[in-house]
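Scroll down for the structure; my scribbles are underneath it.
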Amino acid sequence: MCKALWGVAVVTCVCSTWTGCTQLAKVTFRQYKAPFTLTWFAGTWNCLFFPLYYMAHLCRTRERLTPQQCFRECYRIFGGDGLTVKVFMVRLAPFGLLWTLTHYLYLQALCKLSPTDASALFCCNKAFMFLLSWIVLRDRFMGVRIVAAIFAIAGIVMMTYADGFQSRSVIAISLAVASASTSAIYKVLFKMIMGCATFGEMALCVSILGAANFIFVSLVPVILYFTGVEHFSSPSDIPWGCLCGVAGLLLVFNLLVTFGIAITYPVLISLGTVLSVPVNALVDLHTCEIRFHMVRIIAMALICLGFVLLLLPEDWDQSLLNAATRLRRQNRPAEGAMETGTGTGLSWSRKTPNS
């Protein structure tokens, strides 16, 4: 019960942070259209992962480690030689590249799509993750998940059809689908390379990626500024409040997705992402950002249904069979008693004589 209550709180926070991040990024692009600069700025905030993890460690455990001890304990993930250039290039750099691609492609699609469409298409990452896990990690084959993947692909096609296969919408939808694909590759690759890393090890890796993003990727926004791709007249024209809001909400969202399984069920955390689709739809309907018609609604419903089907556990069919068997066993004695009492209209039970 405690886990379920925590799950309700985490689902609410995941849904609200992802919805707020998407809506606020859309508002930001009306004033300052710079998806890569926003991606770099938000990625730099990942440096706070390990400090926030250490603060949570101080609050949860009685045996409190010093920051140096906690850092040494989490640093073991890099092996005896530590974080060398080779280890960084092989084990960390691919994740930094995939993280940047995922969020940049999503924000680039958001420039042309409504938040509802972008969030719905991003939910397809669960289907792509299943297909990659089945092919690369040799996970168990499940027919219901293949059906879910088909639903997600059908939703993508119908979403494109809803806009009439225009070149602008096709490019934007392709960017959103590419973002979902890179997100799935990130998660499958992390499971394959890092294995069962602890929360502290994951927090340290993400913080190192945030620092590397600040050091090595800072040159790209400068180049985009001087080439006029993402130009601004003066620093006062940049909506710093919106930039910090998007970065902060994205940081909280990633923290909840990464560490939420410590207090509740992973299925409940995943539900927060799919629930952001109807919440974004309500916001877009209120702000007149999107026109809803039957094809678009069916497309979003198919994608969300496929996402929910992918959350079913591997033994869901066996669990249903066991539950049905228990119900049959419980109903058989009752049915037998009714047939005994009502078959001839006589009661064969013998009463005990009064004393």
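Note that the numbers count up from 1, one per residue, in the order the chain is shown.
Note: Cβ is positioned from N, Cα and C throughout, glycine not excepted.
TrEMBL entries are annotated by machine, without manual review.
Looking up the ranges 168-190, 237-259 in TrEMBL, the one annotated as transmembrane segment turns out to be 168-190. Relative to the transmembrane segment (202-226), the listed stretch 34-54 leads the set 34-54, 168-190, 263-282 in CB pairs under 8 A. Between the transmembrane segment (168-190) and the transmembrane segment (263-282) there are fewer than 3 Cβ pairs closer than 8 Å, counting only residues 6 or more apart in sequence, so the two stretches are not in contact. For the transmembrane segment (263-282), the list of distant contacts is 3-4, 6-8, 10-16, 18-19, 22-23, 114-116, 119-120, 122-123, 126, 256-257, 290, 292, 300, 303-304, 307-308, 311: same-chain residues at least six beyond its ends, Cβ to Cβ under 8 Å.
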